[in-house]
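Visitor: Submitted below is the structure of interest, expressed as structure tokens.
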Amino acid sequence: MEERLENVNKGAQLKPSLFGMIGSPGEQLGRIRQYPKIWLAMLIITAMFTVGTALTMMAMDTASLIGEDIPAEGQALMKIFTIVVGIVIGLFTPIISSLINSVIILIIAKIAQSDVTFKQLFSMNTYICFIAAIGVLLNGIVRFLIGGNPEIYITSLAGLLNSESYVLGAIEVFTIWSLILTGIGLNKVAHLSKWLSRTVAIMFFLFQIGLAVISGMLAGLGGM
């Protein structure tokens with residue numbers, strides 16, 4: 001009986017901690033390979049994303065989107081609509097992004113002959129998503145308090161330099177932090193080499209920069 005209790009306690013200690021991703025991410029990612037937990041962490045992260053995106057939308061100047069000459073009732077409806085959109089984005093972004101990242105990484109891992117499972121990668125990406133959730137919540141709170149362009153994170157180079165550049169907006173503290181953890185996770189969870197793990201993380205970063213460039217070009221065409 002005592003031995004069983006000891007094993008249960010030991011197992012509980014070895015389970016990954018979501019908040020441990022801040023102070024000891026390497027240790028938590030190592031535990032994820034043995035104990036790939038998902039749903040409680042996903043619930044917390046989804047709540048953080050939802051609150052963060054809703055606050056960001058609440059801070060948005062809807063009058064600038066639909067025009068000053070629109071009646072107050074129309075502006076109020078637009079405000080409600082943007083908040084609802086923010087909530088929907090917050091509800092679905094964590095699970096969809098974790099799923100997509102897991103599928104892409106699983107393909108790379110199998111090419112590299114790793115024995116990692118989809119569940120392990122999904123758990124890894126879920127826990128890494130916690131860092132992004134902190135960024136979304138922090139930026140949402142700040143935008144709600146002081147206003148500003150909701151498309152630009154204050155924790156990005158664009159926010160630091162007071163720029164509207166999409167590329168500078170993609171160079172963001174929590175995004176880079178998440179990508180660093182992705183590199184560590186690929187080594188700890190998928191047992192890929194450190195070189196390959198870092199290469200994949202850099203590829204993800206360059207892909208995000210590419211998307212930012214395309215977004216900037218499309219925005220420029222839309223403004224012509």
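Backbone N, Cα and C atoms are what each Cβ position is placed from, and that goes for glycine too.
According to TrEMBL, the feature domain 'Yip1' maps to 20-214. TrEMBL lists 38-60, 80-109, 121-146, 166-187, 199-221 with the feature transmembrane segment.
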Visitor: Where among 38-60, 80-109, 166-187 do we find the most Cβ pairs under 8 Å to the transmembrane segment (121-146)?
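Guide: So the stretch in question is 38-60.
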Visitor: Counting only residues 6+ away from its ends, which parts of the chain sit with a Cβ under 8 Å from the transmembrane segment (166-187)?
Guide: 21, 25-26, 29, 32, 101, 105, 109, 124-125, 128-129, 131-132, 134-135, 138, 151-153, 155-159, 193-194, 196-198, 200-202, 204-205, 208-209, 211-213, 215-216, 219
Visitor: On the 0 to 100 pLDDT scale, where does the domain 'Yip1' (20-214) sit on average?
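Guide: On average, pLDDT over the domain 'Yip1' (20-214) sits at 91.
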